[in-house]
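Q: Let me begin by handing over the structure; questions about it come next.
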């Protein structure tokens, strides 16, 4: 997804700064290098609303299953066991006599049960038996419709109220019906009414699939041209009794908001949240496919959409062996190895318990490091982990745990994994290794957490261990600041409005005196100048967002297309129309990543489609030389220094080829769009000595076709404010380490905006008003995510 709330910065021919001890000169160099990234290649043009938090809803932030669009409609779904009934293959066919007769009998029992309840019968609409499975288990849903004038009763129309009535009356009515089976184990939970499908209704979209060991496929209606508006389809998948079901979505592209369009998958044939596996929406890249596995031989997949159409999905399904205690976990005696959740990287199945016992020679201990750990579930408290969890050394772990590393107390470690009946996730991938407790990290620094890191990372101002143990008891270098707690931090992190030290000592003495106002450039002015209708601060920040200064045009006001000035901080694309001509909300569909991505910590490689505005510029036959950002279908933004060299041929457009949508420099990809350059426009005031105005525009001969991997980035207004401490991203195919070669795979690194005053001091006055200053966040390149 793209919910990080971060700014995107595209950088090329820049070497990402390596975390290391350095003198002031090197700090200046690295900061200036980042200045070039920001100033030259759209750094100061790519802004926070590129990933507006409200622009996309992730599956784990989507409404609960019972959220309803029709406020007066309530549907409750569940199951019931038919004791003494014999399962027949005809139960799989809604058109069969066996299905029809049994379903009619059960629906009649439900009708009578609800009708006997004085409250529920007032709003009761219908009951439907939607499926049967081995056991025999019957799946049902019950619908109630409350008129607008009676909406106050909705708080009484609850799952508990319905379930109490069913449990009290269904068995009694079943006995009266003189059936040869007994009804027991009935359940009911609130369900989105759009997933309540009647397989016997002629116009319903209900598809039955039989899974075998052979891989088969199914698609959403209209794929890939697009599903119809208001699609409500359901796939009931069954496999042989001793098997589980694996479904892999090869292509997945529906609307981004899970409140309107979604695919909801259940470990049941009823859309009962107690058996929900996952809810997903948006678009997934081929590197992050959705793969789910059932705990038994049944699975239900629902597709619900609104009026907006998208291509939909194509999926494979097959029957696979079930996970058992014998096939999951085991006894491990090797001194190193790997363990993962069942079927990783697919979502692990519900209702699984695995135990791994690792034993190494006496005198040794065991360290386990999780390269990925995701056991997330809606509404779960990650402090108590009462649902899915991993248990090690008596402690439970759940949720998302980047870089989790644990050590044993002796030569044995037991790792337990448990998943309950609802909501699964990617699980985990871990590596374990035996070590000598007398020398836990040969040639490296031993973190208190058990992690081993390079000794050069100790006392460098970065929390490489994750527990700050590498930054304690340090002698700080001259270019570092000593926090009150003894930790060393780079001086250019002072006064950036971020608590880098942890005790806020790096932010002390950064504010103006009492009764003073701090201008955007750091100047202190009397409080009385704020909102007095006059521009007292050089940048006009004393009048920003002041009602008394409406209409005043300053550096902080947004200028509408009709030349009206809006005195509001960062007014553009905030979903509020401030300009009378609405121009502050135009062109706000930029800067969004169509693909959803996992947040995998610990790597520099970008994922396919993660930065769809990134462009690779190739010079003649030399391959990648510089980078650029897509700002429209015909224009790219790049750096003047790429073209203003001592060689005139670099200014000749015919010598350049652009590659949009590229991820791997050495891999042929049909998604990559090659375009010739029509013209190159470098900034007239570009200074090759100071790199001021290091910006250039490239006009393409042929327009780009926007897609999942090719998409424009946003251009902010000149008044847009980037506050110190704001997280941003640097991307490109530059060197991944000091002195290293150019990367083949697109790289990414997280940085943050640094206070201009501090940065100007560190760089000895080399920062101009056309630059933004940034430095790497805690953890640097090795922790970008």
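Including glycine, each Cβ sits where the backbone N, Cα and C put it.
Positions annotated as disulfide bond by TrEMBL: 447-465, 459-474, 476-488, 483-501, 495-510, 512-524, 519-537, 531-546, 553-565, 573-588. The domain 'SEA' annotation in TrEMBL covers 72-188. The domain 'CUB' annotation in TrEMBL covers 205-320, 328-435. Look at TrEMBL and you will find 600-785 tagged as domain 'Peptidase S1'. Summarising the annotation, TrEMBL assigns region 'Disordered' to 1-20. If you look up TrEMBL, you'll see 24-50 marked as transmembrane segment.
Give me the lay of the land around each of these features.
A: DSSP gives residue 447 (disulfide bond) a coil state; it is part of no helix or strand.
Packing around residue 474 (disulfide bond) is summarised by its Cβ count: 16 other Cβ atoms lie within 10 angstroms of its Cβ, all protein chains included. The DSSP secondary structure for residue 474 (disulfide bond) is coil.
Sequence-distant neighbours of residue 488 (disulfide bond) (same chain, 6+ apart, CB under 8 A from its CB) are 459, 460, 461, 471, 474, 476, 477, 480, 481, 482.
Following the DSSP three-state reduction, the secondary structure of residue 483 (disulfide bond) is coil.
Note on residue 510 (disulfide bond): other Cβ atoms within 10 Å of its Cβ, all shown chains, come to 16.
Within the same chain, the residues at least 6 positions away from residue 524 (disulfide bond) whose Cβ sits under 8 Å from its Cβ are 512, 513, 516, 517, 518, listed in sequence order. Residue 524 (disulfide bond) falls within a strand when secondary structure is assigned with DSSP.
Under the three-state DSSP scheme, residue 546 (disulfide bond) falls in the coil class.
Per-residue confidence over the domain 'CUB' (328-435) averages 94 (mean pLDDT, predicted model).
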Q: Going by DSSP, give the three-state secondary structure for residue 488 (disulfide bond).
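A: Note: residue 488 (disulfide bond) is in a strand by DSSP.
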Q: Over the span of the domain 'CUB' (205-320), count residues by DSSP class, listing helix, strand and coil in order.
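A: Going by DSSP assignments, the domain 'CUB' (205-320) contains 3 helix, 59 strand, 54 coil.
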Q: Whole-number Å distance between the CA of residue 447 (disulfide bond) and the CA of residue 546 (disulfide bond)?
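A: The separation of the Cα atoms works out to 50 Å.
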Q: Sequence gap of 6 or more, C-beta under 8 Å: which same-chain residues meet both conditions with respect to residue 553 (disulfide bond)?
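A: Same-chain residues close to residue 553 (disulfide bond) (Cβ under 8 Å, separated by 6 or more) are 559, 565.
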Q: Calculate the distance in Å between the alpha carbons (Cα) of residue 573 (disulfide bond) and residue 501 (disulfide bond), and round it to a whole number.
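A: Between the Cα atoms of residue 573 (disulfide bond) and residue 501 (disulfide bond), the distance comes to 34 Å.
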Q: From the Cα of residue 537 (disulfide bond) across to the Cα of residue 588 (disulfide bond), what is the distance in angstrom?
A: 31
Q: Please spell out the DSSP helix, strand and coil residue counts for the domain 'SEA' (72-188).
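A: Helix (H, G, I), strand (E, B), coil: 50 helix, 33 strand, 34 coil.
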Q: Between the Cα atoms of residue 546 (disulfide bond) and residue 537 (disulfide bond), find the distance and write it as a whole number of Å.
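A: Here the two Cα atoms are 14 Å apart.
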